[in-house]
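S.K.: Following this message is one structure expressed as structure tokens.
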């Protein structure tokens, strides 16, 4: 019989992050289509504002998805970097999906019942996907730190054994 594998022992981090970004991108495109479906019932300024918000979010997610940019490096640099201006750049890269998805959810007002429901579902999905990708990146960073610490301890133990002989 084959041995069952657990999620924690052999999960594919790039695949999971890529999938969450692809789902976020799909939600963004669907939201832009919903705004165009509602364009007759909202005024021009709101239409432009909603499209700008969704376009910024879509471009940010697409860029990070297309170039396979994950947040592990950004998170590490955010923690390690002493200079505040660099911390701001990394925090913008990390927290833009969450901030924009919450902003889109709270600021966009649509009137049609079905479109309003689908809008809420896609916004909630975007928020959950943004948070889950951040949690997965943080979890992966913890695993990397633990592995490095273990390797360092093993290397230190080998040096002690060699020095003792």
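Cβ atoms are placed via backbone N, Cα and C, with glycine included.
Here's the feature list from TrEMBL:
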DOMAIN    10-140  domain 'DUF7087'
TRANSMEM  12-36  transmembrane segment
TRANSMEM  48-67  transmembrane segment
TRANSMEM  88-108  transmembrane segment
S.K.: Where DSSP helix means H, G or I and strand means E or B, what are the helix, strand and coil counts for the domain 'DUF7087' (10-140)?
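M.R.: Per DSSP, the residues of the domain 'DUF7087' (10-140) fall into 109 helix, 0 strand, 22 coil.
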S.K.: Over the domain 'DUF7087' (10-140), what is the model's mean pLDDT?
M.R.: 92
